[in-house]
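Quick look at what Swiss-Prot lists:
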type     : residues : note
TOPO_DOM : 1-16     : topological domain 'Lumenal'
TRANSMEM : 17-37    : transmembrane segment
TOPO_DOM : 38-231   : topological domain 'Cytoplasmic'
INTRAMEM : 232-252  : intramembrane segment
TOPO_DOM : 253-394  : topological domain 'Cytoplasmic'
INTRAMEM : 395-415  : intramembrane segment
TOPO_DOM : 416-487  : topological domain 'Cytoplasmic'
Amino acid sequence: MAGILCLCGMMRLLTALFIPVLIASIGLCLVLVLLFICTRLWIQRKKKQSVEIGKDGKKKRVVAFFHPYCNAGGGGERVLWCALRSLQKRYKDAIYVIYTGDKDVSEEQILNGAAARFNIKLSHPVKFIFLEKRGLVEASFYPRFTLLGQSLGSVVLGWEALTKCVPDIYIDSMGYAFTLPLFKYVGGCQVGCYVHYPTISMDMLSVVRSQNARFNNAAFISNNPVLSRLKLIYYYLFAVIYGWVGSCSDVIMVNSTWTFAHILDLWKCSERTSIVYPPCDVQTFLDINLNQHKDIEEHSIVSIGQFRPEKDHPLQICAFAALLKKKTTEKLKLKLILIGGCRNNEDELRVSELKKLSSELGIPVEFKVNIPFAELKKHLSEATIGLHTMWNEHFGIGIVECMAAGTIILAHNSGGPKLDIVVPYEEHETGFLADSVESYAAAMDYILCLTPEQRLTIRQNARRSVARFSDQEFEANFLASSEPLFM
């Protein structure tokens, strides 16, 4: 009887609270809607105040790229500069803006860096908006819940960008999808994005589900079933939110078949999504004479890629150490050259750790950090093997450059390299794939044991196959895909 009375009392309490809670919820929703409307009106007023009129009397469109690390030297930055160059050729009267966090360099230094590293010069001016809060998107800022922290940090950074310059067309060229709804619904912009790599993928969920330890799944989590289950729930919830913010984009461009499949799974916008292979400066490498590799005394193995954890440079060093132990290479002179860009102190520390690893293994490794394009080309022209070890690389511009330069590519057996790049050309071999220390060492050993004539045949096939990744192909496809933003 007492239990029934207690239950009745609880029901009366809940009934009494229902109306006040309902009123409070409605009031909160109205406040949020009002805040959104006021914020949007304020942003639109700022936009009208900064309007520039062209010679034809029409308002100039402002096209903005969100690329906080535009002064880095990776493939993503090459996409940025080639995309800008192609739009400037087509839409000459527009105003072009880059949101960047590279405060330690001047506009002139950034442009000179793009010319030196990528051999790209813009035909029209570009305005740089320097952002103060880039630290909020640094992985080191979030020891735990890194994906969520960086994504929310990008919203704050995006808000800073939006308040400093309100564009007509906004293009996220670096993978900060959480900024898309901000610029679309608050900024009133047409929004597009070029996706190099999904922030989260089905493969990442599989890694956690199977309790495998990788660079993005710490051993203490993979070894604990409870923590693995909690992380899996976190990843699934994040994937749902990521799918919604990505679907806000009016135009979606992805860089490979692998990325295309994952973005369709998550964003579910097939009618707005297209594959635009990234621009590779194939033409620049075509003057390298493939026959010069015939009778070389020292074989160099070259790797191109930013010094980020996912590039897995330790695998390259360990595989090279395993190669040197093979009897077939005892009489050969071999050296490993790691070429890449450092974005911050974290990357520089990583290079120091790699140097320490090579020293511990007692192997000769040369590190070339943030080198100019001319030096990069020289190393590629002298290399026998081009090495790549990133698991599920979205594409791999460095791989294409190696193939165009005449190196024999040895790439990771996954992602873009497997599906798009290191594939047979006219039924002929263009390179090799591997996925472990042993398989990399075995593949390098096999390549070095080939005759110069056999290596030349593979080089020629590879060079012919990469014509589809040229700057010209990228410009045509990028302009066609982004055209809806300008209509």
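Quick reminder: no glycine exception, Cβ is built from N, Cα and C everywhere.
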Helix, strand and coil totals (DSSP H, G, I; E, B; other) for the topological domain 'Cytoplasmic' (416-487): 53 helix, 6 strand, 13 coil
Tally of residues which DSSP labels helix, strand or coil - the topological domain 'Cytoplasmic' (253-394): 67 helix, 31 strand, 44 coil
Whole-number mean of pLDDT values that fall within the topological domain 'Cytoplasmic' (253-394): 90
